[in-house]
Amino acid sequence: MGNWVAREDYEWVYTDQPHADRRKAILAKYPEIKSLMGPDPRLKWIVCMMVVIQFLAFYLVKDLDWKWVLFWTYAFGSCINHSMTLAIHEISHNAAFGNNKAMRNRYFAMFANLPIGLPYSASFKRYHLDHHRYLGGDGVDVDIPTEFEGWFFCTRFRKFIWIILQPLFYAVRPLCINPKPITQLEVTNLAIQLTFNILLYWVWGAKPVVYMLAGSLLGMGLHPISGHFIAEHYMFLKGHETYSYYGSLNLLTFNVGYHNEHHDFPSIPGRRLPMVKEIAAEYYDELPQYTSWMKVLYDFIMDDALSPYSRVKRKLKGDIKQE
């Protein structure tokens, strides 16, 4: 567990990300893919159902013994809350109400944020769109670990701890890499979330609050679903910076595993991404892919060639227009 990782720097490249060129080639050959773009009318109802389920769970855990609160937090709450973060990911691409109703999407994301407990939906959109536009961009893409993460988490044991602490690093990383002025939407998100958290404690006590917050932190740490954090862009094979996952957990995660397809066509909702792969199969079948996020986590920890430095990074040129 004390083996040191060989990498001492990111994988620096001097080429553009591959997604724009592949999108152009696919649309030239299969223009019908454009019909898949646009909002998913089912998404808002699925999100509402998930919020109601978590509200019911808040009510049910309030009278349980603490051991059962913690059990259900990891066994159920963490799955729902991680899934809800990926619903917010969908909403950040305006998949709930479409591009013409952008503000409706923003406030609906705040509604979806309620059972998570941590006010992040407004900030997530700002940084996530930069991640798409400037994938691997030095000083812009905050999905890439900091120099400290790459330097310190360089043994198997430290990588294990790093995975547990993923929520912390995702929260702190933007402040270190690409701090932005606070917007009114972020203030609103914070105010709504804090008000909800206080009301939840006042009405049903501490146990639902612990279930909510611990579920979010555990679900984004050492958890099977959190394998997607590593699977999406960590360079398991030299020359490949985005990977898709085609396993059953896509059913709980709005098909976020279809990640090459998503970066090629971010305006296509997750529910329709399998259709992209089906139509343009020759562009995706030969790309490296996964069928197990659990195995991704295990391989990342145990492979001494992999570390937080295992990311493709590029210097950006020209005008950089951030959110």
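Cβ atoms are placed via backbone N, Cα and C, with glycine included.
TrEMBL does not curate its annotations; it predicts them automatically.
Here is what TrEMBL records for this protein:
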- 5-43: domain 'Sphingolipid delta4-desaturase N-terminal' (DOMAIN)
- 43-61: transmembrane segment (TRANSMEM)
- 68-87: transmembrane segment (TRANSMEM)
- 107-124: transmembrane segment (TRANSMEM)
- 187-204: transmembrane segment (TRANSMEM)
- 210-231: transmembrane segment (TRANSMEM)
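Using a Cβ-Cβ cut-off under 8 Å and counting only residues 6 or more beyond its ends in the same chain, the transmembrane segment (68-87) has close neighbours at 43, 46-47, 50-51, 53-54, 57, 61, 112-113, 115-117, 207, 210-212, 214-216, 218-220, 223, 225-226, 252-254, 256, 270. Non-local neighbours of the transmembrane segment (187-204) in the same chain are 58-59, 62, 110, 113-114, 117-123, 212; each lies 6+ residues outside the stretch with a CB under 8 Å from one of its CB atoms.
In the domain 'Sphingolipid delta4-desaturase N-terminal' (5-43), the DSSP tally of helix, strand and coil residues is 18 helix, 2 strand, 19 coil. Averaged over the domain 'Sphingolipid delta4-desaturase N-terminal' (5-43), the predicted model has a pLDDT of 94.
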